[in-house]
Amino acid sequence: MANVAVVGSQWGDEGKGKIVDWLSSRADVVVRFQGGHNAGHTLVIGDVEYKLSLLPSGVVRPGKLSVIGNGVVVDPWALLREIDTIRAKGVTVTPETLLVAENCALILPLHGAVDRAREEARGASKIGTTGRGIGPAYEDKVARRAIRLCDLADDRVLEDKVDHLLFHHNALLRGLGAAEIDKAELMAQIAEVAPRILPYAAVVWQRLDEAKRARKRILFEGAQGAMLDVDHGTYPFVTSSNTVAGNAAAGSGMGPGVVGYVLGITKAYTTRVGSGPFPTELTDATGEQLGLRGREFGTVTGRKRRCGWFDAVMVRQAIKTGGITGIALTKLDVLDGFSELKVCTGYRYQGEIIHHLPAGQTAQAAVEPVYETFQGWSESTRGARSWADLPATAVKYVRRIEELVEAPVTLLSTSPERDDTILMRDPFED
């Protein structure tokens with residue numbers, strides 16, 4: 001039995017929700033280990049649709065332990081709203097079924113205010129933040145001024161910590177010409193939310209160690225994607241945490257050997273939300289068609305996603321930097337009916353062909369894709385549940401992707417429906 005980490009191998013929005021739901025039905029524990037409530041996904045179980053952004057996917061399934069690890073930045077108000085929403089749909093959420101690491105950093109209302117004020121001040125240089133305070137909260141964590149969940153139970157230190165926070169952030173807001181945060185109002189907001197969120201606080205590393213020793217199946221659920229990783233992504237157009245699977249251990253309080261299989265969720269084409277380099281982006285009718293067929297709009301923000309051809313260079317890089325064992329290829333059915341498909345196999349940069357995405361911002365914006373062209377297929381792949389159901393040209397496309405990214409396709413998804421999945425290997429099996 002192997003514990004599994006699920007991560008995105010592109011810029012997020014790869015279809016992790018369906019795959020994580022499929023895997024979480026077989027896991028005992030589901031752990032979120034990084035990010036905040038800036039990325040979301042939709043689960044459909046029976047006739048009920050659940051939109052989650054902070055809660056682990058296992059929360060909607062009875063008998064599963066859901067864990068929010070120390071690597072997550074938690075907005076208590078957003079978390080409680082999400083809990084209320086799924087409770088209204090019949091899901092039981094209690095401090096016995098949901099644990100939040102007592103040492104996780106909190107997102108407070110001031111973080112959203114700072115996030116939005118700074119993004120507005122950037123003008124044409126916006127980085128595409130959701131404005132929900134995730135970046136500023138991570139900054140406070142690294143700068144050692146964050147208020148953590150455990151602090152809400154300690155009145156002796158809480159007010160001093162709030163003073164320290166406001167000294168820093170109100171200076172920023174003044175400099176940006178934005179309204180300052182009122183201390184009394186912030187303290188009242190914290191006092192109101194504390195008794196509602198503290199029951200979920202737990203010594204998460206200890207509970208996960210107990211689960212490991214009991215040989216429970218643990219699923220680590222990543223948010224966003226490898227190319228949004230703060231170190232390995234298209235910096236500065238990235239998120240504020242490490243999204244690669246290596247962070248599953250640090251972000252949950254477990255050792256580096258805890259993950260036995262890393263599954264990289266990979267869309268059969270490429271999408272991106274917000275600003276930043278996108279070598280294979282299509283701004284023509286083909287790109288528009290991909291977006292319409294794939295329903296490429298954000299779960300949380302509703303923002304339209306940019307669309308383009310599959311970028312094997314980028315995915316291979318994500319596989320290497322993220323330790324991905326195998327990929328789950330999603331949305332193959334979106335490519336049905338295209339007479340011709342293209343896959344990026346290299347970049348042209350300064351007169352040479354390179355096979356990696358450069359780290360420099362100027363170089364990332366300047367690379368031009370080198371394509372390999374494939375014959376498309378007219379038949380439908382939607383709902384296929386075996387290789388025999390796929391057109392030969394679709395099989396050829398998938399096999400060539402495996403060769404180019406240097407990793408096997410472990411799962412193949414052919415529709416949003418949970419059971420429309422072709423399984424080549426069970427990630428939970430050793």
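Positions of Cβ are set from backbone N, Cα and C atoms, glycine also.
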Listed co-binder of IMP (same site as Asp13, Glu14, Gly15, Lys16, Asn38, Ala39, Gly40, His41, Thr130, Arg144, Gln224, Arg303, source Swiss-Prot) among Thr234, Thr239: Thr239
Cα-to-Cα gap, Gly40 (Mg(2+) binding site) vs Arg303 (IMP binding site), nearest whole Å: 12
Those binding-site residues listed as Lys304, Arg305, and which of them has the most Cβ atoms within 10 Å of its own Cβ: Arg305
Using Cα positions only, nearest of the binding-site residues to Asp13 (active site, proton acceptor) (Arg303, Lys304, Arg305): Arg305
Rounded Cα separation (Å) that holds between Gly15 (IMP binding site) and Arg305 (substrate binding site): 13
Distance, Gln224 (IMP binding site) to His41 (active site, proton donor) (CA atoms, angstrom): 10
